[in-house]
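What TrEMBL lists as signal peptide is 1-23. According to TrEMBL, the transmembrane segment annotation covers 327-351, 507-527, 561-579, 665-684, 690-712, 747-766, 772-793, 805-825, 856-875.
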Amino acid sequence: MSGPGAAVLAWALLAGTLLPARPQPLPHGGRKMQEKEAQFNTTYIDWVDANLLNIYAFNHSVRRNRTEGVRVSVNVLSDQNDRPVLFVVRQKEAVVSFQVPLILRGLYQRKYAYQEVSRTLCQPQTKAEVETQHFYVDVSTLSLNTSYQLRVTRVENFVLRRGARAIMASTGPFSPQYFKYEFPEDVDSVIVKVTSAMAFPCSVISIQDILVGVVVALLPGGPVVPAGADSPCAPQCPVYDLDNNVAFIGMYQTMTKKAAITVQKKDFPSHSFYVVVVVKTEDEACGGALPYYPLSKDASPDKPVDQPNRQKTLEVMVSPAITSEAYVRSVLFCLGIFLSFYILTLLIACWESCRQHKRKGLLAAMDSPSLDTGHSRSIPDSFLNHGPYDSYGYGSFGNGSSSSTEGVTDSLGSAEVSYSYVGQEQFKRRTPSAPTRPLSIGMGERSLENVAGRPRLDSLSSVEEDDYDTLADIDYDKNVIRTKQYLCVADLARKDKRVLRKKYQIYFWNIATIAVFYALPVIQLVITYQTVVNVTGNQDICYYNFLCAHPLGNLSAFNNILSNLGYVLLGLLFLLIILQREINYNRALLRNDAHALECGIPKHFGLFYAMGTALMMEGLLSACYHVCPNYTNFQFDTSFMYMIAGLCMLKLYQKRHPDINASAYSAYACLALVIFFSVVGVVFGKGNTAFWIVFSVIHIVATLLLSTQLYYMGRWKLDSGILRRILHVLYTDCVRQCSGPMYVDRMVLLVMGNIINWSLAAYGLIVRPNDFASYLLAIGICNLLLYFAFYIIMKLRSGERIKLIPLLCIISTSVVWGFALFFFFQGLSTWQKTPAESREHNRDCILLDFFDDHDIWHFLSSIAMFGSFLVLLTLDDDLDCVQRDKIYVF
């Protein structure tokens, strides 16, 4: 023997640290055995060959109420990888064996060799107060004269204490460590937190039960349970603490700088568990690069690779988790916040009803059975809600759809009018020679007397929208009316109200059907996800905020699910508000209320019902997503966000374009296409240049087609002559004469929209963000905000006003949206990175020790969406007493 191993052996002989041996022949093979009495905290340097077996006998006192670990450290000084040294540690109830060099496999079956190995032995169970237990370390090999180093020590701070100072541990792939924790009587759950100043090397944190219910078989590098262990719950000793077996049992997660696992007492029959810390052989599982080892000419690809200095220092600490009282308090807090909106809505409704009844009584008292037709009845200004249309109307009382004006108008002379019938609907038009008398209280120049007697709410069974679009004269009439330079709502509200009501009701029934067929498989899938997490213990499947993930039953993060309750409750409240408005409006129609028939923005509630349903489904699907959040089910959280954005834009457009708004079938088909691109982008879009080119082209083409549709109010055709017509328009308007656009307001909106969408398409093509779903959602939100801002600006520019309630909703909703986005961008986790890297963003709870930043985002965004819906609902209440031929279209 030569080299450093011989020098160390010679030094050991001089120092006298080698114990006297008692050679004994073995019953087989003629091999000699040397049994040596050994002591803790003593380094033994010895040699072994194929004809020798060294046995080191240790004994130590074990106390029933005190647990201490024992650590065996070995180092083979000879470099003979082809003939390793086998170390077998025999304890009372378990045997652990490992070879040195220790060979561990990484990704693609690459081998890594470690000459130095350390393993921790756990304390076997004992019933006596104090018991002396023996264990033996056997050393053998088939090589010739191999030297090694052996040292056995006790592990300090082997037992973790709740809330105690963190324990420092230095570990590597060859030297895993674990610690024990025992639940106190008054503690039901704890959080095990592990931190490190180093991101790499990648490590694994595992929680393993001390007792196992079945006898395990021999595993490579793992425990061997004696055949006589017939106890139904035998101690799991030793522990699965190597990179190749740490995932076999218990819960585990990969780690760079931060990890946290919530442990519940009910899951561990022994009311105790081990915290295992292992460093992986490679860093790719944590987002690191795969090491590159160039092969020499004479090296074999299967030859093990040495990994020097692959160690990591960590801190392990156990903190108490929240109690059951905290769960109850948080649930009550969540319910209290959102039920307060119900109480506030009820109070406002009662106040509004009392105010309406008071005004109706005063107006009715001022009316008399006989009126002088030559003079108008004056109404005191204190009873009228004057607006920008003082010459046309007196504003709405409460919500305009339910305000009654019976007995308010004076008797008017009959005006000569002509009627044109289209199918079953009659449209009233004034002839040039027909004199009209203005209403004495300023309701415009057209008499509402003749329309007051028309019956409404007829059966919809025989009414179809197509009945009004087939005749050539009707089509010609559309071209004349919809291409006027200045349009009013009356021009785009000519179809039978029963037809439009049926058309927009389809929005609600379609989204209800979509919700059922979408939600059921989603719920089934996330239950499967949660079951897989609970059974396998692999907590890398789900991207939680592990520092604030409170389990309940089989759910791992109940707080993230509970915080979505606001979407459901506020969505239901919005549906109730819409139902109340529709009931009042239908009652006004049954009373032949002239204002409900001919004034204000046409009332269609189908899209509002669809919006409320979408808000409730957003809450349900967001809760499903947070059962196990990851990149494969992120579309659950965003699908109905796309729908909400699309439905809000459709509702805003429908307000002044009721006749030409998109049908439910085409609208949901477009939204389905958006969701399809979302799924494809999430799966294939990351770093895929071809996908981004195709998507950007589709985005720009769709923007141009939609702009053309909106500019010409649908009066254009996409056929083989489209290019010829485009060239003709460019020649006549740009070459022969320089003329501006005919519809300036629409052109301004569409130019701004194209600038924003082209910029977003260029950003996506250049930057290619990893989170494609959020990028797609940002496109929808930007377009919605642009159209909403344009609508408000044009409303004010047209002389209209915003009443107090919608103004307060706009201001408060904007403030809430600002705070909500602040919490949204905190980024507590991200599935764009590996699970270990995502946990670096985890933070502690900030509200009631139960809710984190993302939960507050759920609270605030649900309130903000509800407020946004109220803005859309009440924005045009100031027009409820204005004739539709005085309300401009923009």
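Every residue, even glycine, has its Cβ placed from backbone N, Cα and C.
Values in this document were obtained by computation on a predicted structure and should not be read as measured data.
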For the transmembrane segment (805-825), sequence-distant contacts whose Cβ falls under 8 Å of one of its Cβ atoms, 6 or more beyond its ends: 792, 853-854, 856-857, 860-861, 863-864, 867-868, 870-871, 874-875, 877
Quick one: do the transmembrane segment (856-875) and the transmembrane segment (327-351) have at least 3 Cβ pairs under 8 Å, skipping pairs fewer than 6 apart in sequence? yes
Tell me if the transmembrane segment (327-351) touches the transmembrane segment (561-579). I count contact as 3 or more CB pairs below 8 A, with pairs 6 or more residues apart. yes
So, taking each listed stretch (327-351, 690-712, 747-766, 772-793) in turn and counting its Cβ pairs to the transmembrane segment (665-684) that are under 8 angstroms, which one gives the highest count? 772-793
Sort out the residues at least 6 away from either end of the transmembrane segment (327-351), same chain, that have Cβ-Cβ distances under 8 Å to it, and list them. 550, 552, 558-559, 562-563, 565-566, 569-570, 573, 576-577, 580, 848, 850-851, 859, 862-863, 866
